[in-house]
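First the structure, in the form of structure tokens, and then the observations on it.
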Amino acid sequence: MLGDTSFAIHPGKEKQSAAVVYRDIGNIISNKKTDDTYLFVCVNGSVAVQFYSDSIVRITMNQKGDPKIDQSQTVMKKPDNVAITEDFSKDIYTLKTSKIKLVIYKAPFRLIVKDENGQIIVSESDRGMAFRENGEVTVFKKMHENDHFYGFGEKSGFLDKRGEKYEMWNTDVYAPHNPETDPLYESIPYFMTLRAGKAHGVFFDNTFRTVFDMKSESDYYSFSAEGGQMDYYVMAGPEPKDVLEQYTHLTGRMPIPPKWALGYHQSRYSYETEAEVRELAKIFVERDIPVDVIHLDIHYMNGYRVFTFDKERFPNPKKLIADLKEMGIRIVPIVDPGVKKDSEYTIYQEGVNQDQFCKYIEGETYFGEVWPGISAFPDFTDEKVRKWWGEKHAFYTDMGIEGIWNDMNEPAVFNESKTMDVSVMHRNDGNPTTHRELHNVYGYLMGQATYEGMKEQLQGKRPFLLTRAGYAGVQRYASVWTGDNRSFWEHLQMSLPMVMNLGLSGVPFTGPDVGGFAHDTNAELLTRWMQVGAFTPYFRNHSALDTVNQEPWQFGEKYEAIMKKYIQMRYEWMPQLYSLFYQASISGLPVMRPLLMEFPEDEKTYNLNDQFMIGDNVVVAPILAPAITDRAVYLPKGEWVEFSTGEVYDGEKTHLIHAELEDMPIFVKKGTTVMQGEWISNKDKVAKNIQMNIYAGDSGETYRFTYYDDDGETFDYENDSYMELDIEVVSKTDAIELKVLNQKGNFSPTYKEIDVNVIGLKKTQKVIIDGKISRENNYKISI
Ligand code: GLC
């Protein structure tokens, strides 16, 4: 980041140019195999190699002793029982599964990973694994001319990260957020490389400050950490979707969120009183604008003390919550980690008396300043503390609350370093270490404590958790919003690659503050942003203190009508979105995808930042600049039907598309389907009628889709209470053939059939459902 004034580029400004001296791992001296681990002892350290599946290999290098292979904060999986062919010759060792071949050179230790076709995916040559005296560990990998990089969690800038250098160190950045602002709130030390249409991934499971450098050299990229081990996994792909499945096999997948959490969320820093919240809810209902959640920011608390309500501002929170629930609206309160230092405050008393707070090695509690003033911080690295914190959430669940918003959990502290003193000692479940090592997992572990506590308290209902900070695997506990953006068009633009890369990093449920958090929004920006928000996985409008209000009605009827239409569309698309969230929960695939995920052979998609896909067949191309009513839209292979006009466009071409303020261009691929429901009312959000829209093709294309439904709010789906329909549509010149290939689960929804609507059906085409020719205009699937 640049300094504050031009002094930052003063000609005489001293440069730090101390030569960086790396020590190479050196030659292999000996090797052995125990259970599932190959160990290579080298001159300057040891390397463990483990196969987590046919397609995933883990490399762990420790320069000081035996590699530690059981310390991950996030990988709960153990290596699978993989069949490995070994070939140990004089100079080279090869280890081969059915999907990857590892070639290890002995002198010095160098490693090459090849895919099942013998193509090199990750390789080292004159440089490989190395470390420095100060404890830093690094690995250099060959970078190919046509490598493109994605993932890295929450980063600003464009989709393709080639030419960038990123740091992972969870940081509270209020301003600025621009393409060079790094790091931000989340650390996901993982990336996917796309090379000539094939993909592979690397997950560097190191919680210290890490750096990924795809910028400094033209033929090498590197990743390094300030301490710890060089501990990374290579995932062989070969398709982008395979990489995601492999990465989430290791770090886990998001449980199916409650349906209400997929609806529209209204937030503001802050709705300050019970009366204000009631009024807000009333307006939504009166104007028939859908809303599922109202967030309570820090003003609901008594002096920002977590697990309290301010009795004057919120005299009867339980009643408020119950009344709102009657209206179909839930309350999600904010909970920050900082516990106010106040000897008369029970949570602080308990924290001190039960020894729950982070401490220095000498035994003093660490204090830092956040919203409540001087505060102590629970040590979430300890199971006892996580349990205590989780149990405290009974305060909220007893009032009927089912969702929590975790903020400031980097942890943010109002001091120069913006966070906790790195020398604070964490208990780390019996293996104490410093904040320097565990900083990046503090928020993630707070998420675990919160999610598990809420799950326990809610007795069978699904909790919803929103978090700002996290680490790889955060998806198991939380959805993520992208922090304090601003009401700038540039931030709307930047949010698309950011959310897409989060999706490629295993976190499917994410979104920015719609409308922009800081700075004043305006009618046009808010309207365009709401259109996009209706299709991003997480949809929350949030704004800061002292900015103009940005609820959907704030800018007059014309804009309100458009925003209302799009928020309602969110609900109409819910059956489709919910099915995609189900898919995310079983395979790790994101709901919102960059086009490259579906079209990895198409170079035009490699850095396409201003369009995205919902699932595998819908392209959304929003307007992202003021006063624009025409935009270029690139459509990949296939034929595409514009959702609102029905116009058909050829793929592999760029089209100029017209979109007045009330329109956002959406394209559905011909030969595919979209499931739709209906908007009823805030009180009753369960669609009574479900419709399957088939966009008829005619060139023999086959499309498969899994439609999923359940009660939307409990874990009963784990006991078979769900409905899964595996659907196939074949588009032929003379017929559209629809088949339910498979129906699973015991859940019976209120609707008993699904209406089928064929769009673009030709006179020459019949509609055949489950082998029977259907009567015109009365197409249905019975369930
Ligand atoms: C932080 C959060 C923001 C919240 C504010 C007050 O800035 O990122 O969303 O409104 O704190 O709690």
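Note that Cβ sites are derived from N, Cα and C of the backbone, with glycine treated the same way.
Within the model, the domain 'Glycoside hydrolase family 31 N-terminal' (47-213) carries an average pLDDT of 97. Taken from TrEMBL, the feature domain 'Glycoside hydrolase family 31 N-terminal' covers 47-213.
Among the features that TrEMBL reports, domain 'Glycoside hydrolase family 31 TIM barrel' is placed at 255-580.
Positions annotated as domain 'Glycosyl hydrolase family 31 C-terminal' by TrEMBL: 588-672. Residues in the domain 'Glycosyl hydrolase family 31 C-terminal' (588-672) partition by DSSP class (helix H, G, I; strand E, B; coil) as 7 helix, 31 strand, 47 coil.
Residues or ranges marked as domain 'DUF5110' in TrEMBL: 690-760.
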May I ask which of the stretches 47-213, 255-580, 690-760 has the most CB pairs under 8 A with the domain 'Glycosyl hydrolase family 31 C-terminal' (588-672)?
255-580
DSSP-assigned states of the domain 'DUF5110' (690-760) in counts, ordered helix, strand, coil:
4 helix, 41 strand, 26 coil
